[in-house]
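Notes to accompany the following structure.
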Amino acid sequence: MRHDHLITSKQLSRGDIETVLDYAAELDADPSTVADRHAGTLLGLLFFEPSTRTKMSFETAMKRLGGDVVDMGSIESSSVKKGETLADTVRVIEGYTDALVLRHPKQGAATMASEFVDVPLVNAGDGAGHHPTQTMLDLYTIRENAGLDDLTIGIMGDLKYGRTVHSLAYALTNFDTRQHFISPESLQLPREVVYDLHQRQDGTGIREHDSLEEVLPSLDVLYVTRIQRERFPDENEYQKVAGEYQIDADTLEAASDELTVMHPLPRVDEIAPEIDETDYAAYFQQAHNGVPVRMALLDLLLSDDKRIGGDDDE
Amino acid sequence: MRHDHLITSKQLSRGDIETVLDYAAELDADPSTVADRHAGTLLGLLFFEPSTRTKMSFETAMKRLGGDVVDMGSIESSSVKKGETLADTVRVIEGYTDALVLRHPKQGAATMASEFVDVPLVNAGDGAGHHPTQTMLDLYTIRENAGLDDLTIGIMGDLKYGRTVHSLAYALTNFDTRQHFISPESLQLPREVVYDLHQRQDGTGIREHDSLEEVLPSLDVLYVTRIQRERFPDENEYQKVAGEYQIDADTLEAASDELTVMHPLPRVDEIAPEIDETDYAAYFQQAHNGVPVRMALLDLLLSDDKRIGGDDDE
Amino acid sequence: MRHDHLITSKQLSRGDIETVLDYAAELDADPSTVADRHAGTLLGLLFFEPSTRTKMSFETAMKRLGGDVVDMGSIESSSVKKGETLADTVRVIEGYTDALVLRHPKQGAATMASEFVDVPLVNAGDGAGHHPTQTMLDLYTIRENAGLDDLTIGIMGDLKYGRTVHSLAYALTNFDTRQHFISPESLQLPREVVYDLHQRQDGTGIREHDSLEEVLPSLDVLYVTRIQRERFPDENEYQKVAGEYQIDADTLEAASDELTVMHPLPRVDEIAPEIDETDYAAYFQQAHNGVPVRMALLDLLLSDDKRIGGDDDE
């Protein structure tokens, strides 16, 4: 990659994305080829917010490459409690490790931090900002199940606050896709995101809906996200809205047999457990794909012979 | 083992137990033979409850086998806070790792979780349920110090709530043992456990007592457990009861010189520190035995050529 | 080293210190020579207090030596909550690992703990007591930047409570140094420390000041520490005092161009960020030096052929 850091999926071209996905597929098929590739390499994990799957899959990915991690631990047990700035924390820890992964509650934290360090830094989520490795594993899962061209995808749930959704929507504009956004009015995509998407893609590719019903039969992929209770001042209002955006076997009777259902997890009750064992369900596979995709990304960032856009002429 | 998961010590036959203990003894004598045996293998640690020694000894065991661990961390820093079910958590994490160790506060959690995963799952304690690896290291320690046949053992303290005690008692019925249970009346073994033990073993092998005095001289092993303050509504009642079940040098004057004193640790004041340096004390050795025993169990679960009951004819 | 444990920098002679610093410099120049030196060796991390850089740099050091760590985790998720004594905790964990690193809020904890264990134990800070590996990395940084002989050093800030400062001051008496202590009156060095320092070094080498101004031009090194708000009953009093002991570009106009500014970190606002990019700043380098210095110390403690004072005649 031409990038020393990975901060946003916006920075990745279609060519970059395809190189990562192709390489991830290679590693997924045979991880043994890289089992010792980064022996002696240490990845620093800086998670300023709770995370299970993102953190564990980065750790797994690094170890499957032969390397190891050094984890800052929870902020309760760290110097952050003593009032240290993020700029100081990352400058100290970069001296211990060969690359950094950062999750932080503040939007823009990864960009700011990356300006202070010389080792590669990967953004693992910065508040309402970006989460590019999640986007890459989403793309990988979509490609595995439905292909990335001539794709009709529905993205449903909390579209206002979900960074996962925004990143994915931006990345999909690199491909020949029709994106349908399904949400209650109060949780629609921010207007500036809609504007950007229209700029990046022929406007006919982007549609907004307040119900799944009209669009479900045409979908190749349905990407469901969690509607957070705490967004609603009134419990009744939440119950009403959330109930309309839940998926069960009845809902899917109107869907194509080929439909792929995805979810970034954790879910609460957006998808009924009865879907788990059906061929629709790709959300556990999606979580598992975090490992080969992050292996590919880490290897590309850590290797001198960078495989994406390494040619200066490009 | 014929078992893909290790949930309860009830599932282990005498032959299984002896195979594990023999193999643990081999590894204890010379761990170097397996120092690289599971290079590249990752064990997922899912501890939904605090633990020091169980978690650290699993981690140590896996690393002494050449493998590594990926730790979910405390539930405060995980997706569990976001309302994820245990079934979802284990299905995600099994995609990262080659085996799972689960501790959970709810009885039956390990059995439920094991139904959702394809990788081997080891129960490291499920509430008032089972803790089979603790039982195996207890058996290993008893065998090292007193042998497992023609054994007279006293098990003392909180016999009502202690899962450690129930598991051990069940496992000991596979051997020629006389079990004496010593506790205040309010903390006696549950009646159904007594019933089960009588079913599994000639009834004359099981006796209950409310005082150590009458039985101490006959014991080969005295297994002491903690009486938890929080079980008693009244502090005075606790003080009175707890005081009667504490061991010090005076207490042990009536014991055999060959007596072995065990405790699953942590202790509060059930055993006076003056015992630590005597030949009676086996509780630190017992804790250390967690490593070779867990090495043996993990190796057996992770190896294709399973060494216990691998023969279909058996 | 003649020492099985590393508890205080007072126990180290000038010869010991130089051996460690020389070896650290060797490892700093080429860590690859020891990349597999301690393969299979496990270091137990017992941090009973929050720490970022100390804990992460011990972990990094051990992994750069080819070994691995087993971490007790935060005390909230450990048996300490169940009332276990430190003596019991260390005796259990020494059975899992080949060496221990202990941080504890109580002064004397490391000495006490070391009496119960057979594996090497390193004190990583015991309350207001000692923190010898911090002292060694401070000495290493001073030597790299200004040399340890014919050195004029100013040590500024909270000199009353800072264990880092006391340890460093003691260690510097082994060398030809002039130490200037700069602090508000309420945070002066404890009288017994001043007395000890005079005993250990020609009295003319130790001076106390309440202002940096008079001494700054003569300094080779300025070692700044944090003044903790919580030491002051009155917020106004804190603001007044803290403001006088802050360093910025204006302050340093009176300094030598060769001045080296150090800080054990984390800082709050004792050193203005504008200093970070100047040649004065050595505090991030100082933090990074924790790795080669701790690699050297761990290797010396773990190796049979102990390289410091191994000769009985010495």
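Any Cβ shown, glycine's included, is placed from N, Cα and C.
Automated prediction, rather than curation, is the source of TrEMBL annotations.
Copied over from TrEMBL:
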BINDING   A:R53, A:T54, A:R103, A:H131, A:Q134, A:L265, A:P266  carbamoyl phosphate binding site
BINDING   A:K82, A:R163, A:R226  L-aspartate binding site
DOMAIN    A:5-144  domain 'Aspartate/ornithine carbamoyltransferase carbamoyl-P binding'
DOMAIN    A:150-300  domain 'Aspartate/ornithine carbamoyltransferase Asp/Orn-binding'
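Structure coloured by features recorded in TrEMBL.
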residue : record                           : Cβ contacts under 8 Å, 6 or more apart
A:R53   : carbamoyl phosphate binding site : A:L265, A:P266, A:A287, A:G290
A:T54   : carbamoyl phosphate binding site : A:R103, A:A124, A:G125, A:H131, A:T133, A:Q134, A:G290
A:R163  : L-aspartate binding site         : A:G125, A:D126, A:G127, A:A128, A:G129, A:H130, A:H131
A:R226  : L-aspartate binding site         : A:G157, A:D158, A:H263, A:P266, A:R267, A:V268, A:E270
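Here the binding-site residues are A:T54, A:R103, A:P266, and the ones sitting under 8 angstroms from chain B, going by CB atoms, are A:P266. Other C-beta atoms found within 10 angstroms of the C-beta of A:Q134 (carbamoyl phosphate binding site) number 24, with every protein chain shown included.
Shown for the domain 'Aspartate/ornithine carbamoyltransferase carbamoyl-P binding' (A:5-144): DSSP residue counts in helix, strand and coil, namely 69 helix, 23 strand, 48 coil.
In the predicted structure, the domain 'Aspartate/ornithine carbamoyltransferase Asp/Orn-binding' (A:150-300) carries a mean pLDDT of 92. In this structure, A:R163 (L-aspartate binding site) is part of a helix by DSSP.
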